[in-house]
Ligand code: SF4
Ligand SMILES: [Zn+2]
Ligand SMILES: [Zn+2]
């Protein structure tokens, strides 16, 4: 990124930080957390410990970071190197990202930016101008992306509450600041489990590794009485609703399943998994040493803020997570995709000089689809 | 400590405090070596180890869970305690391991029976308390099932590789997993073995007791049968070789063993990519988990700090040490073949 762009982003971020300290708060048990941050065009600084809001705000003002992170883990000595930190426990965390949902809308709003000649083209694996394969893909997620992510969050919450007995109040959903949601679970029975256990929990939530026997299908002499019922709890119940669709069809469908046999049943399971499994990123859930974007901080991939979603159904990131100023700026924009922010539409811009509000300019500059004029 | 009845001690002799038990019964170890009647029990103890070493479960004098005859009870417990004394005197770790495993299987049978006992509540209660005391797992009875917290279930089940043990293939409700008595006990098999093993490892080694020599010598001979690796110098230390062999055989190396192996090889300059294939044969091989763990060890993900190989001391407590004379005077496997005094 060029000097002028960095300066513009830093100025805009700084203004936000200064005006919105109310949104940037240290998490509970601050002392036990590891913090980290990144500055524009430079690497990560980790293993920082912070005492209180004041110290946190100082970090923001002194460094003007592009991104700020905080661990979901609790340590005795968060500022020491990893193997001396003395890991105590970690909140459960789930990452749901629109890019992992195989959505058909994606190609309509993803562009490829050539790292060599900066050409912006519709999504492809190589540059349409210079043929380079050094391509960076940028997506401007649409409403469908957000709605589909929300659906996954709801599916996840249902499992957390019904199967794993987690209190609704202990589940916090945050908009990640870019294309998805981070779901935090505090104070559950899972605080102290390690990464292998978390990986196994992720498989449960994703409906991975299921065997036909679990749903009553045996290799030899399968018996219709062992198939799940409509009002059963857990996966057997969800499976019934998905596969039988109604109580009246249950018997007939079981007969079909029995006729088709064991290996066909395994295929049915794989298909069902696509629908009822929750599409979380298992690598995030199993990582017990990771640091996550701090709520209230800006995501430098978009200029939007990571914020708590109090009402997920109504939540609209493009109006509620954009906090930057309305002041006009002039940019060279090469943004072939239309987007809307704070209820205003922008673009498409094809290699043109345009004047837009700061929040829209930041969005495009962060996506590398505009530079300061 | 659990207050145990006579029947219970015979079923679960590893719960008894050995020294105290002998004292309570008015015996000393020396008597077992000299008194011809008591000496039979030393032979019985040897037999108990021999059976275990061959991978079988020692057939006790208990019938069902009742004692066949009054006298059999202390004999049961004595043969167990004496077996430990013999094992300590022989110093053969391979035998200790096999013995602990077989004894765990034996106890497992009784635990399962006690859990499923519907006519005698107290039997069920005791089994539940043993599981809680030894492994901090709270088991609750719910209709025909035993339920435990999902988190407890995960801690134990991740060591199993059969897909039916995956959480997704379990009845999960309200934060709990539903299990049969058999499954409940099966879940802690390994820990039961480890518990008995560590009890033996931590027991004090007595000085040789006159009259025990024969049995001890026979044990040393017996153990030769089970030593598989050949000793070569200038290569990897036995703990590392053993771990590699286990993996090559497709055995399920415990997490601590994988940690040791990964950290050791990384310190020797191998890359994550070179090491990862070693784990491919493990029954629970999971590429995602393996790469995550290796990268974490190597410090290439997240922390940026590389983990070092655990000390010999630590590995001993984890049953991963298979010391040979060349291991003398080293405190970490990384020093193997380097430091000589
Ligand atoms: S003494 Fe150390 S190097 Fe030797 S086998 Fe034991 S742990 Fe390995
Ligand atoms: Zn190009
Ligand atoms: Zn979309």
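Placement of Cβ uses the backbone N, Cα and C atoms for every residue, glycine included.
Curation does not apply to TrEMBL; its annotations are automatic.
Annotated features, as they stand in TrEMBL:
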| type | residues | note |
| --- | --- | --- |
| BINDING | B:239, B:312, B:321, B:327 | [4Fe-4S] cluster binding site |
| DOMAIN | B:232-318 | domain 'DNA primase large subunit C-terminal' |
Quick note, residue B:321 ([4Fe-4S] cluster binding site): same-chain residues at least 6 apart with CB under 8 Å of its CB -> B:93, B:238, B:239, B:312, B:315, B:327
Just to be sure I understand, if DSSP states are collapsed into helix, strand and coil, how many residues of the domain 'DNA primase large subunit C-terminal' (B:232-318) fall in each?
52 helix, 0 strand, 35 coil
With an 8 Å cut-off on Cβ distance to the B:239, B:312, B:321, B:327 Cβ center, who else from the chain surrounds the [4Fe-4S] cluster site?
B:237, B:238, B:315, B:316, B:320, B:322, B:323, B:330, B:333
Per-residue Cβ crowding (10 Å cut-off), top of binding-site residues B:239, B:312
B:239
Across all the protein chains here, work out how many other Cβ atoms are within 10 Å of the Cβ of residue B:327 ([4Fe-4S] cluster binding site).
18
Taking every residue in the domain 'DNA primase large subunit C-terminal' (B:232-318), what is their average pLDDT?
81
So, three-state DSSP: helix, strand or coil for residue B:327 ([4Fe-4S] cluster binding site)?
helix
Using DSSP, would you call residue B:321 ([4Fe-4S] cluster binding site) helix, strand or coil?
coil
